[in-house]
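As recorded in TrEMBL:
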DOMAIN    25-473  domain 'Major facilitator superfamily (MFS) profile'
TRANSMEM  21-40  transmembrane segment
TRANSMEM  79-102  transmembrane segment
TRANSMEM  114-135  transmembrane segment
TRANSMEM  141-160  transmembrane segment
TRANSMEM  167-186  transmembrane segment
TRANSMEM  198-220  transmembrane segment
TRANSMEM  282-306  transmembrane segment
TRANSMEM  318-340  transmembrane segment
TRANSMEM  381-401  transmembrane segment
TRANSMEM  421-443  transmembrane segment
TRANSMEM  450-470  transmembrane segment
Amino acid sequence: MANHIVAPSSGGNFPAMLTKQVVLCSLIAAFGGLMFGYDIGISGGVTSMDDFLLEFFPSGEEAKHRAKENNYCKYDNQLLQLFTSSLYLAAVVCSWAAAFCCKRFGRKRTMQMAAAFFLVGVVLNAASVNLYMLIAGRICLGAGIGFGNQAVPLFISEIAPAQYRGGLNVCFQMLITIGILIANVVNYFTSKIHPNGWRISLGGAGFPAIFLGLGSLLIVETPTSLIERGKTEEGLKALKTTRGVEDVQKEYEEIVKATETAKKIKHPFRNLIIKRSSWPQLFCGTILQVFQQFTGINVIMFYAPVLFQTMGLGADASLLSAVVTGSINSVSTLVAVFGVDKFGRRKLLIQAAVQMLISQVLVGTILTQHLKTTNAIPLPYAYLTVFLICVFVMGFAWSWGPLGWLIPSEIFPLETRPAGFFFAVSSNMICTFIIAQAFLTMLCQMRSGIFFFFAAWIVVMGSFAVFLLPETKGVPIDEMNEQVWKKHWFWHRFFKPEDEEQAKC
Ligand code: BGC
């Protein structure tokens, strides 16, 4: 039986087929996304469960039940927000360590470490008897996510042939969204199991980690990482099997050339910061992740149940609405899986920015007019708001969500790839932390104005995609500088010949 799914093509410059091995390896690696997504989805539901609040955050529980409460402020509790956000701080620190591991031990080993950290975190969380155990568990989960989010997108971008790289990489986001959805469904049922339903919710995170850990035993290391670590024979063999063609000489030589340049760079982090020709990738990779978070998506992902309760939908209806947004998130990601290598990255980002802007502004307007401090929003408006939030999530799911991971993983040259991608991952984590930590307080202070705040960000990021972001569709990963950056109307100026030699440190 043929080992390929799609016949040979050289659309991305080098001949390659879409082999079953590449698809399988990408899907297994994408289970790292399932861990991440499950965690994102589970936190919001768990922090609105009375049993959980009573056990660890009695003051939050009290506030929630206070009579005549203020709609916008019922859940404003810093400690509760710390539960959600502590994980992201740990993830920042750990993705830095993971950048070293990716280079030194390879992408595959780094993914295995991710699964191990995550499992420890799950056990600590599900068995928590006090706040310390709970936070320690969150920190281990954060380590797992830091390692996973660093290694998985890089792994997929390197193992995939250029012309299928986008779609395969988006599988990572696809599994993030499936993780969020599963978590929402799990929360819906466990919220009815008293008093330990929340333990089931948190313990469920073990499954994706086990899948990733066991699955990673089956996958091959990327040819680039093998060659980079001196295993040239193995790397050439892996290149032939992953590309499904014998004629890989041209691509092999490109990788060898890239690894030789990479070897001259002793301090990739320093190099990234002082070398002018690294700035365009560093800026674009980092800002894309900042923008991804400032769409406001996690306000919906973490706090959908809380948000919907604020709008006067009952507890059950709220979790159900979160399930609806979760399903829309997953299904819409398919548009990116199949569209990103066809339409290109920029078109998706620009189209979605317009869609998301309109829905944020409308949600803000409805809430300003109908949700006052202590009333319940009239039901038709509550449903209209849920609908608009779905339109927003849809746009995010086929654009800023997946492309926030894909583009930073494909734009750096090998010598600064793990280090550069670290900046992208960590800005994602820092911004997620800031939003997770600040949202309930911001909601309390800014009320419906919070939606206009995010709308303003969307205007900025849309303009960035129009004017500054280059298109990377179909370009081989080790050819980005030559084919993309040096030809861009703005970024080309960072590549003056004298700068190439500067700071080879
Ligand atoms: C983001 C997460 C977000 C998720 C929603 C991911 O790409 O990094 O912060 O919660 O998408 O689907």
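Cβ coordinates are placed from backbone N, Cα and C, and glycine is handled just like the others.
Please treat TrEMBL annotations as automatic predictions, because they have not gone through curation.
114-135 is the stretch from 114-135, 167-186, 282-306, 318-340 with the greatest number of Cβ pairs below 8 Å to the transmembrane segment (198-220). The list of residues near the transmembrane segment (141-160) in space but at least 6 beyond its ends in sequence, with Cβ under 8 angstroms from a Cβ of it, reads 22, 25-26, 29-30, 32-33, 35-36, 39, 86-99, 101-102, 107-108, 110-111, 113-119, 121-122, 125, 168-169, 171-172, 205, 209, 212, 220, 222-225, 242, 405-406, 408-410, 417-418, 421-422, 425, 428-429, 477. Counted over residue pairs 6 or more apart, the CB atoms of the transmembrane segment (450-470) and the transmembrane segment (114-135) come under 8 Å in fewer than three pairs, which marks the two as apart.
Residues 41, 44-45, 48, 166-167, 170-171, 173-174, 177-178, 180-181, 183-185, 187-188, 191, 300, 304-309, 348, 386, 389-390, 393-399, 401-403, 406, 473 of the same chain lie 6+ residues outside the transmembrane segment (318-340) yet bring a C-beta within less than 8 angstroms of a C-beta in it.
This prediction places the mean pLDDT of the domain 'Major facilitator superfamily (MFS) profile' (25-473) at 90.
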